[in-house]
Amino acid sequence: MKWGVVAVLATLVVAASAKDYFKETFDGSWADRWTKSSWKVSDGSAGEFKLTAGKWYGDAEADKGIQTGPDSKFFAISAPLATVFDNTGKDTVVQFSVKHEQDLDCGGGYIKVVPATSEKQMGEFGGDTPYSIMFGPDICGYSTRKVHVILTYKGKNYLIKKDIKAETDQLTHVYTLVIKPDNTYQVLIDLKEVASGSLYEDWDMLPPKTIKDPKASKPEDWDEREEIADPEDKKPEGWDDIPATIADKDAKKPEDWDDEEDGTWEPPMIPNPEYKGEWKAKMIKNPAYKGIWVAPDIDNPDYVHDDKLYNFKDLKFVGFELWQVKSGSIFDNILVTDDLEAAKKFAEDTWGKHKDEEKAMFDKVKKEEDEKKAKDAPPPPVDAEAAEEEDDEYEDKEEPSGMGSIKIPKEEEESGHDEL
């Protein structure tokens, strides 16, 4: 009983210590908290975000998010965190949901977390605005269907080296990124882990610990030949006396051959089946073989260990900066926190509560769309040539019975039956 009380208290302490730096579920006042960027507005290529639950959803109000539109536009919008997030010694959890309702064929669906140092640029927040974290799905055709995890280190952006597959259907999915003070990370989709590992191993933020010695050179006596000619092998006697071609003994002088006019007839030459080509000694394993020479590793003088790769001290904004050929993605339920369990609970209370109803409505809408397409579809085209061939098999015959014109197969008419 005591242990149970302790466990409950521990859970409460953890919950109490967790902090949400940003939480957005997109109600009717969402536009008061978000700033549309002026990026791309002047040239007319900037798109808009509108509040909607889309064509299918679990709850018409709770599932409202912001949707991109129209097609082939750039989209940029941002909002400030409640307070600047210094993640020193804390987990960093970035979570949001996205529904590619339009069956996205090419476009981004990722979120950016932006540092306070970019504050003066947020009015024109766009592709060149420095950010700290970029996370989420990116889809373009069949070649690009990945989850980006890009981290900024000392002013440079580094892409994750792992290939994480993005969800590509038309339903809502929750993407969660966790960065920990021990320099490890997790990526979850729909609260299931799809990737994890080390910031040191899965990004190239630091140079390698060791490098090949640039001053090293291959020793002169280093033998890289895996095989050598057998020094004991000898060329058979008479090998070089065998000609490459010989006269064709089966050839016959043509009957019309005139030696005086055509010259002395000689049979044509053909390849000699006994000829074996240039003699070469057989190859044997080289007893002196040492393998391919590789320069030895040495400590990299440029390597400096950093135990704070995870560390972002001034996270201040979240934003979407996207290009979409086919618009219609709906973003919702954004959370920046320092506690994964709090993020999971938030996802369960939002997406998790309505996902089954959304799927059911999606199936219903798709079924109705398919039925309408089938109903509105034009009849299959008539093969005019085939129809004409069929008609040619018959001829009109007038019968005295008063039944009018009937068609009788040609072959029956031409068979010449006598009337009884």
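The backbone N, Cα and C atoms fix where each Cβ goes, glycine too.
Residues or ranges marked as compositional bias 'Basic and acidic residues' in Swiss-Prot: 210-220 (among others). The DSSP breakdown of the compositional bias 'Basic and acidic residues' (210-220), given as helix, strand and coil counts, is 0 helix, 3 strand, 8 coil.
When the compositional bias 'Basic and acidic residues' (357-376) is classified with DSSP, helix, strand and coil residues number 20 helix, 0 strand, 0 coil. Taken from Swiss-Prot, the feature compositional bias 'Basic and acidic residues' covers 357-376 (among others).
For the recorded site, CYS106 (disulfide bond), the DSSP three-state label reads strand. What Swiss-Prot records for CYS106-CYS140 is disulfide bond.
The annotation region 'Disordered' is assigned in Swiss-Prot to 210-272 (among others).
Residues or ranges marked as region 'Disordered' in Swiss-Prot: 357-420 (among others).
The annotation motif 'Prevents secretion from ER' is assigned in Swiss-Prot to 417-420.
Other Cβ atoms within 10 Å of the Cβ of CYS140 (disulfide bond) number 15 in total over all chains.
The average pLDDT the prediction assigns to the motif 'Prevents secretion from ER' (417-420) is 38. Here the compositional bias 'Basic and acidic residues' (210-220) has Cβ contacts under 8 Å with residues 293-300, 303 of the same chain, all six or more residues outside its ends. Counting only same-chain residues 6+ beyond the ends of the compositional bias 'Basic and acidic residues' (357-376), those with a CB under 8 A from a CB of the stretch are 55-59, 63, 170-172. Around CYS106 (disulfide bond), the same-chain residues at least 6 positions away in sequence with a Cβ under 8 Å from its Cβ are ILE139, CYS140, GLY141, GLN324, VAL325, LYS326.
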